[in-house]
Amino acid sequence: FSFRKLWAFTGPGFLMSIAYLDPGNIESDLQSGAVAGFKLLWVLMLATIIGLLLQRLAARLGVVTGLHLAEVCNRQYQKVPRIILWLMVELAIIGSDMQEVIGSAIAINLLSVGKIPLWGGVLITIADTFVFLFLDKYGLRKLEAFFGFLITIMALTFGYEYITVKPNQEKLLKGLFIPYCQNCGTTQLEQAVGIVGAVIMPHNMYLHSALVKSRQVNRANKREVQEANKYFFIESCIALFVSFIINIFVVTVFAEAFFEKTNADVNGVCMNASSPHSSLFPNNNETLEVDIYKGGVVLGCYFGPAALYIWAVGILAAGQSSTMTGTYSGQFVMEGFLNLRWSRFARVLLTRSIAITPTLFVAIFQDVEHLTGMNDFLNVLMSLQLPFALIPVLTFTSLPSVMNDFANGL
């Protein structure tokens, strides 16, 4: 084992892990904590482990064959299934892009104390993508370092909330390692399914299989291929462990502070704190429902304005970091399935336009609750798209004709 070699292979796994930290994930985490307390932490852990195993298979496919998943699909499938797979992946990418736009717009609105309206935040997210394209011109390693910086911001901001709230460690460990949900009903079951859809992103497998190609590996040398597979897997383990810890921070903060709270409880605290957002919570005994926007507001009411702004910075980092992964995924998928080589600029312009149009309409003509409610729908959409990524990954990595001596035995 060599740390120098691990560092040489470090990058693709952290870029891939950003999809485990997008605004859809954060929304799923905070709702899980508010709705079920610590009881669904084991679902989050299992989903992350399954995600790691699938990412490992996707990375192995790229390392062994020198082709990413979309290119292998193009070679192995007939025209009709190939086009169906492409359409499904594009749908997942657009859905993910919408979540990033929503998260960023809400964060900008919170940070500006409402002075920048939601539709203004949506429009700002058009510009930020092109900033990343500008960074991309300086090389992939610099872009990987920048995204590492954004992940660090998320770890620090959500870690600050965790330290401030001080969740019960015994309940945390119990929720992680006891796969049981006492007194849970339909709402908790829906949330559990949402966690899986939010964590395991279909287009991420296409992305990871392509990113590993950025490292030079002599595929004629079996030992070199084995070594590359080993270091990419270690890096993926580290990256997904970091993303899992950040997700844990969010779930446990809302589980400790807001599980089984009513609107009246929060309304009273917000009124005492002279919060301008008190009207978000009607003075009744209905169970509190939170989303990315309300989550920041209630943190501000209970733990001071600093908690609200630090939360918003974390959400903004989540939205911005996941922007480029969607762009890369879309580019690799289009090139692989259709042999179309567009510039990244044109590719971003297309997907971002498709993602922004419905989001902008909702932001202009509806309120923030309808905007954040779209995240729940989009998490379900991700769950429905999963088989269209899983079937090719599991099929090709088990075929000796594709993987040679590295075929998966299961």
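Every residue gets a Cβ built from N, Cα and C, even glycine.
Database features (TrEMBL):
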- 31-54: transmembrane segment (TRANSMEM)
- 84-110: transmembrane segment (TRANSMEM)
- 116-134: transmembrane segment (TRANSMEM)
- 146-163: transmembrane segment (TRANSMEM)
- 192-211: transmembrane segment (TRANSMEM)
- 232-255: transmembrane segment (TRANSMEM)
- 297-318: transmembrane segment (TRANSMEM)
- 345-365: transmembrane segment (TRANSMEM)
- 377-396: transmembrane segment (TRANSMEM)
Using Cβ atoms and a strict cutoff of less than 8 Å, what residues sit near the transmembrane segment (297-318) while being 6 or more residues removed from its termini?
21-23, 25-26, 103-104, 106-108, 110-111, 150-151, 153-154, 157-158, 160-161, 164-165, 253, 257-258, 266, 269-270, 273, 275, 277-278, 280-281, 288, 290
Are the transmembrane segment (192-211) and the transmembrane segment (84-110) close enough to be called in contact, which here means at least 3 C-beta pairs under 8 A that are separated by 6 or more residues?
yes
Which sequence positions outside the transmembrane segment (377-396), separated from its termini by at least 6 residues, show Cβ-Cβ distances below 8 Å to it?
24, 27-28, 54, 57-58, 61, 69, 72-73, 76, 84-85, 88-89, 91-92, 95-96, 98-99, 193-194, 196-198, 200-203, 205-206, 402-403, 408
Contact between the transmembrane segment (116-134) and the transmembrane segment (84-110) (at least 3 Cβ pairs under 8 Å, separation 6+):
yes
Per Cβ pairs under 8 Å, the stretch of 84-110, 146-163, 232-255 packing most closely against the transmembrane segment (31-54):
232-255
Decide whether the stretches the transmembrane segment (146-163) and the transmembrane segment (84-110) have at least 3 CB pairs under 8 angstroms, with pairs required to be 6 or more apart in sequence.
no
